[in-house]
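Novice: What follows is a single structure, and I will ask about it in a moment.
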Amino acid sequence: MEIAKGMSVFQSFSFSLRYVSLDYESLLNPIFLRVISCSLHLGLFLVILGLCCWNTIRRDNNAGHKQSTTRNARFLYYKPTTFCSIGLAIFSFVLCLLTHFYWYRSGWSEEKIITLLDFAIKLLAWLSISVFLHTQFLNSCETKYPLVLRVWWGLFFSVSCYSLVIDLVYGKKNQSLPTQFCIPDALFTLMGLFFCFVGFIAKKESEENMLQEPLLNGSVVNGIDSKKSTGEETVTPYANANIFSLFTFAWMGPLISFGNKKTLDLEDVPQLHFDDSVRGSFPIFREKLESVGGGNSNRVTTFMLVKALAFTARKEIVLSALFVLLYSLASYVGPYLIDTLVQYLNGKRDFDNEGYVLVAAFFVAKLVECLAQRHWFFKVQQGGYRARAALVSKIYNKGLTLSCQSKQSHTSGEIINFMTVDAERIGDFGWYMHDPWMVIIQVALALVILYKNLGLAAIAAFVATIIVMLANIPLGSLQEKFQEKLMESKDRRMKATSEVLRNMRILRLQSWEMKFLSRISDLRTTEAGWLMKYVYTSAMTTFVFWVAPTFVSVTTFGAAMLMGIPLESGKILSALATFRILQEPIYNLPDTISMIAQTKVSLDRIASFLTLDDLQPDVIEKLPKGSSDVAIEIVGGNFAWDASTFTPLLKDVNLRVLNGMRVAI
């Protein structure tokens, strides 16, 4: 028996040598690629083994030298690289078991021996790489991975890509995909791409060793961190993150890892990127607002304000719209393929390996959906923060330059409302900004899927959806009206409260506390009345749209039954999944309409505030201190309580006040 096995192994090697003649047929044979892969992995294993022995001997010779390192330098993605190497070793071991017990159960053959030998050598090679990374580079101070690993990762990616292409060509030629080759080669290609990124693109990161600290730290003098005292700031890793880090949010890793070790202080949190800070967003907003206003900063309309805000966050708006589109398309892949999956489970096969294709389609669609949704949320938050920061800065600067008459009509309480309520609401509008057109796309995709499964019954679903949306028009108008009245009553209450607090001593002197308390209570009652009407209208809108999915489903299936359309299990499941996804935009539509109404009111209020008159800078001339003995001088001054008054209260006032004089007005 042993002789027979030995002869079979010898025959397998002689069989592999026959493929060395590189003609066209041999290059397209997957078995030939197994021979090449086995040879490359065997060579890598021997090289890694030699490097480990050489590094061990060199470490023993340098054992007597003192090594003083205060920094623990680690390569970027060191842990993911090691874990991926271990994962490939485990995957190769699983492939060995599948090769021996499942794929080639008919007995020993030349193809089985070569395939099994290839997976076994891969197991040894990737185990050796894992051990090499763990033992040689855990605490290494090298600046990059060794040339051997980088060359091997590039070669591994190239061979894996070539093998995957050959598998597809071979499968097309023989009308069947080689599962035992195609799936491993696809995974090896993805891993090879990651290794190439780590070896050739990613940069090295170093972090302070939390367990070691010098006895004398030059950066700390008398208990004060010199770096902090000099104002040195750490910018967020998002500013210099590469595309892979942005795609996977890996730039958040260092902060999360550091927060896992200790409680984060304010100085531990990195500073914002310049574009995300008010220093970067406000100049863009101010210049755009002045350009659309023709250079007059006081001539601001709601449309100009919206245009300037959209220009400030234009990049985030476009990217988030792209992610919304990807999310909408990926979310409907499942409902579209459910009927095909049910037919496949019932025994209907359209092509070979259809099950693998369906599983891969479901997995990729869900992956794209999750990533697109995360990036969508991140971008709308980023754009909202930029718009809010620019708007708050504009309101604050406007409050510093208001004229006396404008300050009388808009108290500090109202200005605080503009910055804390209205500006924040405009920043939060990014969450609902894409919902109107996203609903249209999702309804269109839902109708396509329903028409594919239920035919003309999809028209009934479309009519029911239109009826539900039209029912919200009067409710949306009422919401906008009540929101406007609510904000007006809130401003009146804040104005009265500020007036009472400023003149509290006079009120107590005259015993007017209860009279003004009654006045403020009446204003609160009025505000509560408008709030109650607004909440009731919102509740009615929410009720309509919670009933909407059931109404659409009953209408669609009822129309299908009346038309005699057969309701099979796959078609019903696909329709129910479509209605389930369609529920989200329908549920969010009441909040979207409410948010649009609130945002419009806030924009109108801020635009009205920005049109107020400012102090005239050319009326008062300020001289440097000490340049003249005159403290205040008025020449031909006309004064009135209201600038619109035609007859001034004081005319042609001439006044000259010297330094040190006592003046009573």
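Glycine too: its Cβ is placed from the backbone N, Cα and C atoms.
TrEMBL lists these features:
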| type | residues | note |
| --- | --- | --- |
| TRANSMEM | 31-54 | transmembrane segment |
| TRANSMEM | 75-101 | transmembrane segment |
| TRANSMEM | 113-135 | transmembrane segment |
| TRANSMEM | 147-166 | transmembrane segment |
| TRANSMEM | 186-202 | transmembrane segment |
| TRANSMEM | 317-335 | transmembrane segment |
| DOMAIN | 318-598 | domain 'ABC transmembrane type-1' |
| TRANSMEM | 355-372 | transmembrane segment |
| TRANSMEM | 429-451 | transmembrane segment |
| TRANSMEM | 457-478 | transmembrane segment |
| TRANSMEM | 543-565 | transmembrane segment |
Novice: Given the cut-off of 8 Å on Cβ pairs that are 6 or more apart in sequence, determine whether the transmembrane segment (457-478) and the transmembrane segment (186-202) share at least 3 such pairs.
Specialist: no
Novice: Within the same chain, where does the transmembrane segment (31-54) have neighbours whose Cβ lies under 8 angstroms from its own Cβ atoms, ignoring anything closer than 6 residues to its ends? I mean 6 or more beyond.
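Specialist: Non-local partners: 16, 19, 110-111, 114-115, 117-118, 121-122, 124-125, 128-129, 131-132, 135-136, 146, 148, 152, 155-156, 159, 162-163, 166.
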Novice: What same-chain residues lie close to the transmembrane segment (186-202): Cβ under 8 Å, and 6 or more beyond its ends?
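Specialist: Distal contacts: 75-77, 80-81, 84, 88, 91, 145, 149-150, 153-154, 156-158, 160-161, 163-164, 242, 244.
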